[in-house]
Amino acid sequence: MESIEQQLIELRTTLRHHEYLYHVMDAPEIPDAEYDRLMRELRELETKHPELITPDSPTQRVGAAPLAAFSQIRHEVPMLSLDNVFDEESFLAFNKRVQDRLKSNEKVTWCCELKLDGLAVSILYENGVLVSAATRGDGTTGEDITSNVRTIRAIPLKLHGENIPARLEVRGEVFLPQAGFEKINEDARRTGGKVFANPRNAAAGSLRQLDPRITAKRPLTFFCYGVGVLEGGELPDTHLGRLMQFKAWGLPVSDRVTLCESAEEVLAFYHEVEKDRPTLGFDIDGVVIKVNSLAQQEQLGFVARAPRWAVAFKFPAQEQMTFVRDVEFQVGRTGAITPVARLEPVHVAGVLVSNATLHNADEIERLGLRIGDKVVIRRAGDVIPQVVNVVLSERPEDTREVVFPTHCPVCGSDVERVEGEAVARCTGGLICGAQRKESLKHFVSRRAMDVDGMGDKIIDQLVEKEYVHTPADLFKLTAVKLTGLERMGPKSAQNVVNALEKAKETTFARFLYALGIREVGEATAAGLAAYFGTLEALEAASIEELQKVPDVGIVVASHVHNFFAEESNRNVISELLAEGVHWPEPIVINAEEIDSPFAGKTVVLTGSLSQMSRDDAKARLVELGAKVAGSVSKKTDLVIAGEAAGSKLAKAQELGIEVIDETEMLRLLGS
């Protein structure tokens, strides 16, 4: 059996290794939850054997040594970490320790904040002017990132207002909103650059660039949460008061900071934030709970690496470790070959996960993934679980290479990867059963032709029995033929036939979207329909003419042009029209002639609406001369935010785009 000393040495060595990967290399190998577990194990052993605690134990310090590439800044006041709790019982025990240690009947109130998942920084202002900025580093010495911090627009270079201290060190978190993270990775995949595993890594990598011009291109932002050095001035005597003073001086503070009068209110805040977490637009991994009174904070003091007056109440882990048992390849409706990791099932954020996307061959190469590897799985909100990284230090000896197919796993056709694209595709087209199934499922979906009752299992059977080859074949189905399918009685079969008949009456935009042209989503389909008005005009359009449609670039224009240039596609369209698919004659809208607050504006809808469906809202906006887009960009004029608006709202706020709610939208629609 291992001695206690040997266990402590191994735990400290392991933790130091992972601290170095996390804080210095920005390349964590294990989930935060696993690091926390190892730290708890070490702390418990040291508590039982205090005589074995060493000054350099990870429990006695914060972080790791700074990179040599940056000059160093010594923190005048150490930047400490926080202790963690993971359940209500542990928080209530912390609450009791605070009450007992104060030894008075004085009421304790709590200032609660979001625990942002970014990079802790210290920013020094002298006479209100930003003079330096540093990372946390090892808590005593950090890296000088002044030039990079100056590029972050959320951080003021000069404070404004009155009574600004002569020297004020503000502490906070630099982080990357989800929309910005997705854009960085999207660009990286397109250009062959570095793809980041999560927003925290992307924020750290962006902030620690040796070239500030690169940092300036990254949409980093910042919230402050504390103070270090304070000279030649005064601050309020409560933590919340200080944050509000920071805000008055122009420093960004989260609008979710909340004062709680009791432990029960703290728990209610925790659960409210946990519920809202998927729609915040940026990553958090818990809430931070601080004694609000500065006098009480001073009474409580510090332990070696953390204050006694604050704690991080962490959410259930969104990352876990498991093993890759196999890698299979799925074929989508456009022929895209997507590798999927088959995992040893593991619970992540309350959900049992057994599969995770690997995106493409480049991602497998970037990860260095082999079948049999131990990997970190991440699941955030409704995002499909993905492999974040491989735990190389625990790679088994019997792992196998992942071999990307050269032929379609479904139909055997050649797999082709166009130069400059990350995705490999099956060249089989509609002879490929997988593409045929997915194309038909898309065609009948609610936002396309909206064929009620035509579910995935029915489509699967229709393709497997060779009843249907193209979308036009759907409209030739009879109740008798449908009755031969599993779980399909005469009544259900007739209902499907009736739904197909009803679906023949559609709109030009829906019809275009249903065709499944590559990279033509609802918004693009609506734009094409509004611009060209008729199918004949669209079919005849050149690539140059197609690019005149708002938000249609060379890539989408080429996909549309190539689709209509293909004779088999034109034949399917002719068959659909012959089967009776039709839509109203176009109403040509000239935005300049419409007297409407939306005329000529590019509008984005986000979140859920309570008074009308999103489709109805889109249709009404288009009638009033708006161009409804699917994503927020610098070209967006207005964002309409419903309930639970997420990353699109965050991006709009980041870009300074006008935002209105559903009530204001309805008022303007009525005007």
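Each Cβ is built from the backbone N, Cα and C atoms, and glycine gets one as well.
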Which of GLU173, GLU182, GLU186, GLU363 belongs with ASP32, ALA33, GLU34, TYR35, ASP36, SER81, LEU82, GLU113, ARG136, LYS290, LYS314 in the NAD(+) site listed by Swiss-Prot: GLU173
GLU34 (NAD(+) binding site) versus LYS115 (active site, N6-AMP-lysine intermediate) - Cα distance in angstrom: 18
Spatial neighbours, same chain, of CYS411 (Zn(2+) binding site) - Cβ under 8 Å, 6+ residues apart: CYS426, GLY428, ILE431, CYS432, GLY433, ALA434
Where GLU34 (NAD(+) binding site) falls in three-state DSSP terms: helix
Which listed residue (LYS115, ARG136, LYS290) has most other Cβ within 10 Å, given these are recorded positions: ARG136
Set of same-chain residues at least 6 away whose C-beta sits under 8 angstroms from GLU34 (NAD(+) binding site): MET321
